[in-house]
Amino acid sequence: MRLPKLLNPRVQKRILMRFGVYDKVMPVETTPSRIVSENITRPDYILENTEYVPKVAEIKNYNQINDMRESCKLAASILNQLHTFIKPGITTDDIDELVHTLTIKAGAYPSPLHYKGFPKSVCTSVNNVAVHGIPDLRPLQDGDIINVDITVFFKQYHGDCSKTFLVGNVDDKGQELVHITEECLDIGIKCCGPDVPFCHIGSAIHRHAKRNSLTVLPAFLGHGIGQYFHGPPEIYHSLNRYPGLMKPGMTFTIEPVLSHGSEHTVILEDGWTVVTEDGARTAQVEHTVLITDDGGNQRDLARAKNQKKQQEIQKKKTASEKTGMSLSERKHRDAELMREKQRKKEEQEGQGARKQAVH
C-alpha cells in the first residue's frame, strides 16, 4: 500500500522505521449508510439541508447548559463503551454499527450521518489517517491506533468527543504519541477560564507538542457547539492570533491532532478521508468544554475515560484473577501489609532510641 504521494520504496521504509512500526492505511470497501427510525429527532441540516449558526460565540443559559450536558454525557458514555469492544480483527464498520445502535437506542441522532454528505454515523481514523476516516471493512490490526470521533444530537443539542485507542500491542512510539496528545488536551483545558484569550489554548498545546518533538496539524480546529454542530469560536491548537476572550456560558471543543511527521496532509478522492502526506501516524483526542464563572474553573462536558487508567485497572483485575482475590480483598490485604510494615519500622526506631540512651 503506497503513500498518497509516490515516494521511493527505500525512502518509505526509512520513514516507517523513523515513525515506528505500523500499517499505512488506505480506504477499502464500505457498506451502505445505516437507517435512522422516523421517531428520532433530526438536526436542521438533515431536515432542511441547512443549519443555523450564530455569527458570534453563543452564551448559553442554565437550561441550555443542562441540555448540552445531557448530550455530552451520552456521547462520552458511548465512547467509553468502546474500550472493551475495540480489538484486533473487528472492522471500523463494526464500530460504526455499534455506535449507531447505541445512539439510536438512547433516542439520539448520530450527528455525522449525512452531515454535508458524510455517509456514516461516526468517524474512525486509523494510523496515518488524520481525521474524517470513513468506517469500512478493513479489520483492525494488532499495533494499530484508532481515533473514534463521536457526536450525538440529543435534546436538540450536539455532544462531541473523541479518543485515540490502542489496538492490541502498540509500539512505544505509538503509545507515546497517544499519551502526549492526551497531555496536550489537558494542558489546553487548563488554560480555559473567564476572560482568557482563545489563542492561549493553541500556544500552550504547541509548546508541549514541540517540547516532545511532535507536530500539531494546524488545519484542524476545535469549534463552538450547541444546537449547531460547528460554529464560533474557532479553537486553534497551534500558534495563532485568533481574537476574543472566553466568557461564562460558552461551550466549545478542544481537539488537537498530533503527528510524528510533518503538518502536511492530503484529502483522498472520497472527499473526506485526510491522510498525512508523509505516512506518519496521528493521534487526536477531543472534549467539549464549558466556561463557568466560579473562579475561572471550567468543566469538560464530554470526557472519555483515560486509557492509561483503564489499562492500570485491567492489570489489577488480572492480578486479582491470578491470586483468586477480589480487588477489595487485595486492597484490605495491602493495607494490612502496610500497617505491619509501619509497626516494624516503629519498633526498630524505638530500639535505636533505647540504645542511644544507654550509651
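Numbering starts at 1 and runs along the chain as displayed.
Cβ coordinates are placed from backbone N, Cα and C, and glycine is handled just like the others.
Keep in mind the model is a prediction, meaning the values are calculated, not measured.
In the three-state DSSP scheme, His230 (substrate binding site) falls into the coil class. Other Cβ atoms within 10 Å of the Cβ of His230 (substrate binding site) number 18 in total over all chains. Annotation source TrEMBL lists substrate binding site at His132, His230.
The 10 Å shell around the Cβ of Asp160 (divalent metal cation 1 binding site) contains 28 further Cβ atoms across the protein chains shown. According to TrEMBL, the feature divalent metal cation 1 binding site maps to Asp149, Asp160, Glu286.
Listed in sequence order, the residues of the same chain lying 6 or more apart from His223 (divalent metal cation 2 binding site) and placing their CB within less than 8 Å of its CB are His230, Gly231, Pro232, Pro233, Glu234, Ile235, Phe252, Thr253. For the recorded site, His223 (divalent metal cation 2 binding site), the DSSP three-state label reads strand. The divalent metal cation 2 binding site annotation in TrEMBL covers Asp160, His223, Glu255, Glu286.
What TrEMBL lists as compositional bias 'Basic and acidic residues' is 296-320 (among others).
Look at TrEMBL and you will find 328-348 (among others) tagged as compositional bias 'Basic and acidic residues'.
Here TrEMBL flags 67-293 as domain 'Peptidase M24'.
Among the features that TrEMBL reports, domain 'Small EDRK-rich factor-like N-terminal' is placed at 296-330.
As annotated by TrEMBL, region 'Disordered' applies to 294-359.
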* Within 8 Å of the centroid of the Cβ atoms of Asp160, His223, Glu255, Glu286, which other residues of that chain place their own Cβ, given that this set defines the recorded divalent metal cation 2 site? -> Asp149, Cys161, Ser162, Gly222, Ile225, Phe252, Thr253, Ile254, His287, Thr288
* **Collapsed DSSP category at His132 (substrate binding site)** => coil
* **Reported mean pLDDT - the domain 'Small EDRK-rich factor-like N-terminal' (296-330)** => 49
* Structure fact -> Row Glu255 (divalent metal cation 2 binding site), column other C-beta within 10 angstroms, all chains, value 25
